[in-house]
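Student: This structure is in structure tokens; I'll ask about it shortly.
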Amino acid sequence: MSDVKYFEDTEFGLIEAVATIDNGDFGTRTIRFETGQLARQADGAVTTYLDDDTMLLATTTASNQPREGFDFFPLTVDVEERMYAAGRIPGSFFRREGRPSTEAILACRLIDRPLRPTFVKGLRNEVQIVVTVMSMNPEDYYDVVAINGASAATRISGLPVSGAVGGVRMALVVDEKHPEGQWVAFPTHAQHEQSVFEIVVAGRLVERKRGNKTFSDVAVMMVEAGASENVVNRVKDGAPAPTEKIVSDGLEAAKPFIDILCRAQEGLAQRVGNAAKEFPLFPPYTDEVYSAVERKVSKKLASLLTLKAKQERDDATNAYMEEIEAELLPKFEASYSSAAEASKEIRAGYNAVMKAIVRRMILTDHFRIDGRGVTDIRDLAVEVELIPRAHGSSLFERGETQILGVTTLDMLKMEQQIDSLAPGDAKRYMHHYNFPPYSTGETGRVGSPKRREIGHGALAERAVLPVIPSREEFPYAIRQVSEALGSNGSTSMGSVCASTLSLYNAGVPLKAPVAGIAMGLVSGEIDGKTEYVALTDILGAEDAFGDMDFKVAGTADFITALQLDTKLDGIPSKVLSDALEQARDARLTILNTMADVINGPDEMSKFAPRITTVKIPVAKIGELIGPKGKNINALTEETGANISIEDDGTVFISAADGASAEAAIEKINALANPQLPKVGERFLGTVVKTTAFGAFVSLLPGRDGLVHISKLGNGKRVEKVDDVVKVGEKIQVEIADIDNRGKISLVPVVEED
């Protein structure tokens, strides 16, 4: 039974809250929050443990003064992965940690997304949350532990937040005892391998009323989910497919664990007893400004919002905002320290009124600002093979969102090497997402990817990974790049669609095509009843105006990835399940459109490398490589092929043409499955070494013979071997003798007239 216990050590000032997570047949996990020992000068510091081995220190600190000129909340979240946590020295040149790993950046986003909405609106003091991974059991994930630790540190810091946030990772584990699957909280990596779907859920406790009774409930704030890499094969073998119902069940299964984690944090905060601190708040506008703007703009602004083209609509609403600003500025200027301050509030009030108008029209009329119905998808356009020398390329357009997908294939030795606390040391399928400023018609910094780009790339990668063929089926490293050339709503899901098209164009035999769609949800009171309207294929503006956005990617049969963020205090199960079904209908429509252009792998590009495999005995690996790589380097030089050897004896051969590959295969087979040369056999060999007594000639990789100096002169006396042959020279030889130790004596072949 899941439970919370508290411990206090008054002598040392330590306070602990221990939450026990009961996974039934899969045992229990323990989350322990401890404060009072480490980082005492931070506003809030909590050491969080998962069982005994995984340990994270989370701190929350706020600046003393608000930042001037900021019109947003300056919250920063950093995750510091210390390699000593895994008993390792960093592999970098300086042997110390450098820039954060991709896993650390994704953990930062997982923390930021549910915690940011809990802070009071109008806060302008800088707040920094730092999570340091100090000890790491290689079987555990630390990211969800970090969510809880960061929330607990913030909760005891005295900062104005609405409550604690609990985070849990759930895996649908399928084994012989649980053929239908069981949801397991805080799964190990071994359980991850047995699962078909994983879901990270973060939420908080809210008070609800039922009649005269008040009770606590869990409001889901964030979801990040994905299918396992081997889900297609597992489903074929009888495991449950991760359908929309499975996802809904996973959310419900997570709620009891979130409840216990939130209660543990709240209990810790009560026992610490830090008083709430007072911070100046800077609301974006006053009620007076909002009312003045609302009275002036409602009717005309509503008509401007019906313009279908994004640029035309934006230009019209911005011009009208400047007109309203000019009218109202004289009235409010005297109430502010400067005209700029008054102008900023009027603009903020204008945007708030515009948001309210759009939301009201959606709820009452099912109106959308581009004229579509709530379930309609924007016009789709699909094209492949755009980039001449790329191995695969595609262009996917959905309305004004435009994504270019480009696929590059290479040898497995080009897979990404990972030096982080995450499990695994290499990644074969890499998805990189770029979002240049021109995609929204703006200027800005270009260069290294920002956190948002890394997050979007990871989401698209997670969506496509379950359908990537295995190494044995397709022995290539695959790099997929998504270029967001135009953005007006969900470039990440557009990247999923473009990736499927591009991968097929490159000849990658995907297990199934994948598509994605972004959904929105708007809710509000209409005639005393709460109404919910789900929107298919949301625009950028609808994303900003809505209460929830979620992105769903998958095949025709099941979901491969899902991301959800909501501002609501909970979503009725039926509303969520209906929205997921609505997303599935849209996904099927997009998949059909894509299939009309390309529905399977094309022939591989002539510019792509041809990779074949040969299996050799493990005992022959060293012989193939040779001393200091002599043999394999010679093979590469002679054939022009690139050769990579796996520990199990699998040899991957990459060549620009079939002849080079065949030559390499022939030489590798000759060495790996050697048949002793026979007396009388002739070879065109290469002189590899000369000595005072003769020349050594390479017949096959690792197989040399000696032409004695007495045999080199065609019956004439030779003083120096180098006078007749030189290293690197080709020479036709015949095997004259093989002694009982296997040493080969050669004689030159003299062509007869």
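Cβ from N, Cα, C; glycine included.
The Mg(2+) binding site feature in Swiss-Prot is assigned to D543, D549; the stated evidence is sequence analysis. Taken from Swiss-Prot, the feature domain 'KH' covers 609-668. The feature domain 'S1 motif' is assigned by Swiss-Prot to 680-749.
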Student: What average pLDDT is reported by the model for the domain 'S1 motif' (680-749)?
Tutor: 84
Student: Just name the most isolated of the binding-site residues D543, D549, going by other Cβ atoms within 10 Å of its Cβ.
Tutor: D543
Student: Tally the residues of the domain 'S1 motif' (680-749) by DSSP class, grouping H, G and I as helix, E and B as strand, and everything else as coil.
Tutor: 6 helix, 37 strand, 27 coil
